[in-house]
Amino acid sequence: MTEMSFLSSEVLVGDLMSPFDQSGLGAEESLGLLDDYLEVAKHFKPHGFSSDKAKAGSSEWLAVDGLVSPSNNSKEDAFSGTDWMLEKMDLKEFDLDALLGIDDLETMPDDLLTTLDDTCDLFAPLVQETNKQPPQTVNPIGHLPESLTKPDQVAPFTFLQPLPLSPGVLSSTPDHSFSLELGSEVDITEGDRKPDYTAYVAMIPQCIKEEDTPSDNDSGICMSPESYLGSPQHSPSTRGSPNRSLPSPGVLCGSARPKPYDPPGEKMVAAKVKGEKLDKKLKKMEQNKTAATRYRQKKRAEQEALTGECKELEKKNEALKERADSLAKEIQYLKDLIEEVRKARGKKRVP
């Protein structure tokens, strides 16, 4: 009973000192602490420590850490003798789950060690990425020559190729739920990101091709993905990956952004409507032009008629003026004649 209480207290001390609470590392740390305490116990016997000294030393060491379990405050003295240090005990007899207090952990120590190794493998790329600059990333393909990794010999979008993974990485499938408990910065493996790389290769070249062809953009015609895949200017880096099969044109069209141009059917309908509107406008313009011409001709005819009438009236007026003048002269002549006759008769009467 004393041995069980001491073991439970020591295991609780190791559990509190573990860096990760209730994680897979707790079991390994607790096992390591038990082994260290057993090795320390072997050295106490040859030096001849009494039970009081062993009790004082152990209590003093536990007091320095400040992690003494409240179970040691019982009336029963767990350090009454040092005979328990020489006994060989089998840890398989004890229920580690009950001692550690981990009820939700159902895996065995071997599974925990395997999960811990996988977690360390996940942390290794993160440490390398933070220590190095972003452009100088580690090449995951070990058999490629260094000449292909130079920036002056790589195609503009070679970084979007899906990288072939090693069999070890593909075979190992770590528990993502366990890795997420250790920290939020854990990223997914390269195998899970492989479809994303393929999608990027399918989408980006089409955009680059559209930007590199100003003549097509000027004329309003965009090169189709089929013609781009069949063009001789296709990057050799994308051809050099035989393990990757290119997606179908339907997948390319579905993943690419929608084109800003209208379908040909809508273009034809719009052209017909525009042609009809233009014809109606031209007909209306012709009608307006004809009406204006007719109006001008009518006004010209009316003006000519008025001018002719005016000239005729002017001629009549001149004739009437001449006749009036002649009549006025005749009247004056007659007046003068009558006056002379009157004078002549008056002279005849006077004598």
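Keep in mind that glycine also has a Cβ here, set from the backbone N, Cα and C atoms.
According to Swiss-Prot, the feature coiled coil maps to 280-340.
Summarising the annotation, Swiss-Prot assigns phosphothreonine to Thr213 and lists similarity to another entry as the type of evidence.
What Swiss-Prot lists as phosphoserine is Ser215 (among others), and the listing cites experimental evidence.
Per Swiss-Prot, phosphoserine is recorded for Ser219 (among others).
The feature phosphoserine is assigned by Swiss-Prot to Ser224 (among others), with similarity to another entry given as support.
Positions annotated as phosphoserine by Swiss-Prot: Ser231 (among others).
Residues annotated as phosphoserine in Swiss-Prot: Ser235 (among others).
The 4-hydroxyproline annotation in Swiss-Prot covers Pro236.
Annotated phosphoserine per Swiss-Prot: Ser245 (among others), in sequence order, evidence recorded as experimental evidence.
Residues or ranges marked as phosphoserine by Swiss-Prot: Ser248 (among others).
Around the Cβ of Lys311 (N6-acetyllysine), a 10 Å sphere holds 10 further Cβ atoms from the protein chains shown. According to its DSSP assignment, Lys311 (N6-acetyllysine) is helical. The annotation N6-acetyllysine is assigned in Swiss-Prot to Lys311.
What Swiss-Prot lists as region 'Disordered' is 210-268.
What Swiss-Prot lists as region 'Leucine-zipper' is 306-334, and the listing cites sequence analysis.
In the predicted model, the motif 'BetaTrCP degron motif' (215-224) has a mean pLDDT of 46. According to Swiss-Prot, the feature motif 'BetaTrCP degron motif' maps to 215-224.
Residue counts for the region 'Leucine-zipper' (306-334) under DSSP, split into helix (H, G, I), strand (E, B) and coil, are 29 helix, 0 strand, 0 coil.
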